[in-house]
Amino acid sequence: MCAMDQLGGIEGGSEVDIITGNEATSKEEIIATRNNNARQGSKSCRECLHRIPVKEVAEELFSLMKIAFPVALTTMLVYSKNIISMLFLGRMGKMELAGGSLAIGFANVTGFSVMKGLCMGMEPICCQAYGAKRLSVLSHTYIKTFLLLFFTSIPITFLWLNVEPVLLRMGQDRVILKVAKAYLVYSIPELVAHAHITPLRSFLRTQGLNSAATVVATCSTILHLPITYLLVTHLNLRVKGLALSSVLYTLNMNIGLLLYLAFSKVAIKPWVGVTLFSILQGWRPLLSLALPSLFSVCLEWWWYEIILFMSGLLSNPEACVAAMGILIQTTGTIYVFPFALSLSISQRVGHELGAGRPARAKFAATVGVCVGLAYGILAFGLSVAVRSVWGKLYTNEKQILGLIAGALPILGLAEVGNSSQTAACGALTGSARPKVGVRINLAAFYLVGIPCSAVFAFKLKIGFRGLWLGLIASQAACLSLMVYTLMQTDWKHQAKRAEELTTLTAQDNTTDDGDGGTELIP
């Protein structure tokens, strides 16, 4: 019995030892497996990091920022002209502020946005031609774009001269319209000056000559404040003086850049090798890109005007419209860098496609979109951080401040998509595909954005913030479509299209050979 007990004890003990040993072995194996997986995961991460061409990414970032920062600085300096105008309008009184604001908005929608949109058509032609070393194409395209904008300014001028009956039918106040008309009439010379300065800046930018515009814009901005004070306050020209000061600002920009063009040793001289006969021929490539670019730009600009109108349909329309105006101006300020980044991506992609390097063009587009995404996240963080103090820079009205504080984080979130899709749009511009941009903007802003804004604001009773939720929906749709388009892009095919485009533009006749290059199919 004792022997059996002892045997059982020994056997039982052996069984326990065996089980314990198995458990220990199992635990050791698990730990070893986890450590091995961790080492493999760390190794995989290191391999992934090693696969990233860090040197190439850094070089591309430098190339993009070398273009983007001067363009952003120049844009901010030019934009400061509008800020100075608003400050002077605010000191004149409510009637001048209302009339001047109406005139500036009307001028932007019917005039300057049209100029900008049409001029975007020359971007891919000049960028790709510069990459392909077809320098005469740049000169011809610059002069043709100037002529296109100049003749476009003629019907716009007639519209501005007859703005009173047009806006009266839309229910605007007659007294406010008199102020607005005075501003617009005296702004007509600025419209004509814009017809030249807009393509001239693009002409220099596509050659990588960005510092000249920054220096000239700095000098023009320094002169603008005393000139505005002299005309508006000292000579008591009020709204008329404000319009004339803007005219002089744009004229100073024209004179400064023309002087640089004349004396520069590196800039292409657009008057060399250009004849009247060559200017009258070969308009089809420019027009085939300028008209879709016009619609693409205007669709986005007009969306904000529609949202501003919708804010006036909410309860407490005065506060909503004022808050919406401040937030739209804020969006414009945030947009300065994405806009500059978009132009730099367009230039880089165009240069690489024109030079027959599709892989480099794809790489530039990818890095640029990543930079846009990073900036959007930064803008979102800043919007959340300053939501309670930003509105105080403009007003002390509690209702307006509350609306701004509530909508600013939503605006910031929308900028994550806006910055990224603006960068992607630069890749489309550089590859000469404005029609794709038109379709995307039409679908995102008008088939998604406006219906969502209306549903959120009025149907779901979210109100003012609902309008901005519609912006998030439109930007998300726009970004998704842009990224999908870039992912599906055959960059080798785009390089062939770039060769066809520059060859077609360089031809001295307008005969249609019936090839794919004339149609510019994306």
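Any Cβ shown, glycine's included, is placed from N, Cα and C.
Unlike curated entries, TrEMBL annotations are predicted automatically.
Per TrEMBL, these features apply:
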- 67-90: transmembrane segment (TRANSMEM)
- 97-115: transmembrane segment (TRANSMEM)
- 142-163: transmembrane segment (TRANSMEM)
- 209-232: transmembrane segment (TRANSMEM)
- 244-263: transmembrane segment (TRANSMEM)
- 283-307: transmembrane segment (TRANSMEM)
- 319-343: transmembrane segment (TRANSMEM)
- 363-386: transmembrane segment (TRANSMEM)
- 440-460: transmembrane segment (TRANSMEM)
- 466-487: transmembrane segment (TRANSMEM)
- 503-522: region 'Disordered' (REGION)
Review point. Ranking 142-163, 363-386, 440-460, 466-487 by Cβ pairs under 8 Å to the transmembrane segment (283-307), which is first?
Key: 440-460
Check your understanding: In the same chain, who gets a Cβ under 8 Å from the transmembrane segment (142-163) while lying at least 6 residues past its ends?
Key -> 106-107, 110-111, 114-115, 118-119, 121-122, 126, 177, 180-181, 184-185, 187-188, 191-192, 194-196, 198-200, 202-203, 270, 274, 279, 282-283, 286-287, 290
Check your understanding: Excluding the flanking five residues on each side, which residues at least 6 beyond the ends of the transmembrane segment (466-487) place their CB within less than 8 Å of a CB in that stretch?
Key -> 303, 307, 310-311, 324, 327, 365, 369, 407, 410-411, 413-414, 416-418, 420-421, 424-425, 427-428, 436, 440-441, 443-445, 448-458, 460
Point to revise | Outside the transmembrane segment (67-90), six or more residues from its ends: residues with CB under 8 Å to it | key: 96-97, 100-101, 104, 201, 205, 208, 210-211, 213-214, 217-218, 220-221, 224-225, 228, 232, 239, 242, 245-246, 249, 253, 332-333, 336-337, 339-341, 343-344, 347-348
Practice item. For the transmembrane segment (244-263), find every same-chain residue at least 6 residues outside the stretch whose CB is under 8 Å from a CB in it, and list them. Key: 78, 81, 85, 186-187, 189-190, 193-194, 196-197, 200-201, 204, 212-213, 215-217, 219-221, 223-224, 227-228, 231-232, 237, 269-270
